[in-house]
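First the structure, then my questions, so here it is.
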Amino acid sequence: MRVGCCLLLKPLRQRLCTASISSRHIMRWCATSSSNINSTETAAKMPDDDVSGSLSAPSLLKYKIEPSTATMGAPRPPHDDDRAFCTLASFPPSHIRNVAVVAHVDHGKTTLSDAILRRTGVLSGSQVGTYTDRLLVERERGITIKAQTCSIFVVWDGEEFLLNLIDTPGHVDFQYEVSRSLSASDAALLLVDAAQGIEAQTMAHFHMALDRGLTILPVLTKMDAVLSDAPVDRALQDLEDSTGLLRREVLFTSAKEQLGIEALLHAIIERVPPPTGLLGLSDLQQLPPLLPGSAERVAMEEKMVPLRALLFDSWTSECGGGLRRPAPRGGEKVNSGNDNDRNLICLVRIIDGTLTAKTVVTFYQSQRRCEALEVGIIHPELRPTAALTAGMVGYVVFSQVRGEEFLVGETLYTLPTRKFARENIVPVPGFRRVQPVVFAGFYPDEGEYITQLREAVEKLRVNEPAVTMEPLDCPALGSGLQLGFLGMLHMQVFQERLLAEFGQRVLVTPPLVQYKYREAGSDEEEPLKPLTVHTWKWIHEGAACYLEPYVTATIITRREHFQAIDGEALRRFRGEQLDMRVLDDARVLVRYKMPLADLARGFFAVVKSLSHGYASLDYGDPVYEEADLVKVDVLVQKSRISALSVICLRSEAPSIGKRIVSSLKSNLTRTAVDIPLQAMVGSKIVARETVKAYRKDVTAKIHAGDISRKQKKWNDQKKGKERMARRTVGAVTLDQSILAAAMGAISL
């Protein structure tokens, strides 16, 4: 298995170096290697290994960085129209490189990607901001949410290469984006902040790339922010100890200062393996006009190969994150199949064959046949091309395909001639589909219709395939949707995108994790049944036991913050410490076994607060264990409010019920009769409050006399209230503001 240029089994003592390095020297080398960054003729030479005594050369000896003897030519100039791209000749696989950029949160992935785009001429120097963060929510939050692809043309040593760069998110909630991006890549740039070193998501992404057999190029970023040698030495030592990647393989960059970019591009061309695949035409309509049965046509048909392509992302024009075709030069109108808002745009990696417009492809799983209206690359907008050939990453437009009719991860194929059958097609190894871990009900805002919300969610799910959807019906809130997400941040981002891209304001119920139960009399091998407040079964109704999801949470934090985090994890979040390892003089790694419900309830926010933002957290797939669960129902005037039902531990039911009824009491308007508020577990009341009725002062005119005169008035008033309560028909009206306040009490 290839991991960069190192062997993981090589003894560590053979890889350690004894010299010291100054980050000032590294930055001076970066400046030297990029001194001609604006030159369109040649790239600067790196210093030779036999130089000694200079400020730039001795520090490089420690890392064994090979000097670059290649020259970088002028980048392909940007085009104002699509005509040059429509005639783009196919690149041989030997001149294609597919690379994904992965790293922990805020380690400089997007900034480095933008620096590469500017250095290669894809973006102009006047464009400010992070270009690959296209979504409004990405720019507002300052994080990458959707993986973005861009094709780059690089001329090196007189040869033109096509680099497909994929910028990925770093947050744990968006690992599905990273997984899909790695499936379409041949290598991964593993970025590490030189000042912060390896974090939890760094290792998660490293193992994800390692499992796929990808080449890994380690890169230290933000070198301009390093003020001493210690952080660099510590980061390099962490890389060796944790990943086995050699120091001499590490590349140094400063995207902010545009330093080290050429050396990085050279390393991508030299060290990333080219894609493997079969070249050839894949559909009869791709053949030139020849007489049927002619020797030339028969010879060309013999050389045809079936198309195989991996579909790893999709969107519609309404939720494409700003990806559009650029305006043609001179206001010309270019006809394209991408003009219809209902068309589906898919990102594909071509494994074998050729894909062109008008090619009819088949989805391997659903067996649905669709005609490609347009194909092209992203540079940095949608640029139509004549074809996509083996090894290339690009987009394909289909006409009015519903999102639920295909799955991201599908294999697209063709059978060009009769000698090929479906049995000859080997599906492209895609990526493991993930299961949602957090569920919440989405209800339309007052005055909105559920149909509009459902249509908006369906369109957004085309771009968010990890989100699941099921219909809901609540007497208090009306019709809604139960959506499943990969985490709390994923849910919040989805809600913000609904508002920003479709104008849908929604009421979101408290998020719950996926509980399960085992039916009575079932075998251990039988799959567990999902358990929600709508499908709840008591033990006497056929449930043998209930199960709760647990995860292993990995935290990397500074040593001075460990005690505070450990105390909170054990006291408030039912954590169980599995092990603790000292990484270096400043940091420790600790692993906890913790219920997923407690982690989603705010554990990560507490960790960030206690560590002043310096801790990182990662967690794996949930494992289900038995738990004493109950369902808490809330009754308002003896009518059950299903939107406020919640599943929790039996020991927590009284406190949760008390918070809910107290919130209702504080927000409900008093009426002429008492309103009882009850929280029940089965038939047992675990919490109760009463909204007292308004009372008229019936003794206001009685100023003297015996107390019995007042008591008679009070008794008459009490009997009247009882008669009024018996005549009351229907339940108390709860508007969404009252329900939202009560739902907020559940999440405390």
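These residue numbers are counts, starting from 1, taken along the chain as shown.
Cβ from N, Cα, C; glycine included.
Straight out of Swiss-Prot:
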- 1-29: transit peptide (TRANSIT)
- 94-276: domain 'tr-type G' (DOMAIN)
- 103-110, 167-171, 221-224: GTP binding site (BINDING)
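Tell me what's around each of these sites.
DSSP gives K109 (GTP binding site) a helix state.
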Name the secondary structure element type, per DSSP in three states, that contains M223 (GTP binding site).
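M223 (GTP binding site) sits in a helix per DSSP.
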Among the binding-site residues listed here (A103, M223), identify the one with the smallest other-Cβ count within 10 Å.
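Among the binding-site residues A103, M223, the sparsest Cβ neighbourhood within 10 Å belongs to M223.
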At a 10 A cut-off on CB-CB distances, which of the binding-site residues K109, H171 has the highest count?
K109
With a 10 Å radius around each C-beta, find which of these binding-site residues (D106, T168) has the fewest other C-beta atoms nearby.
D106
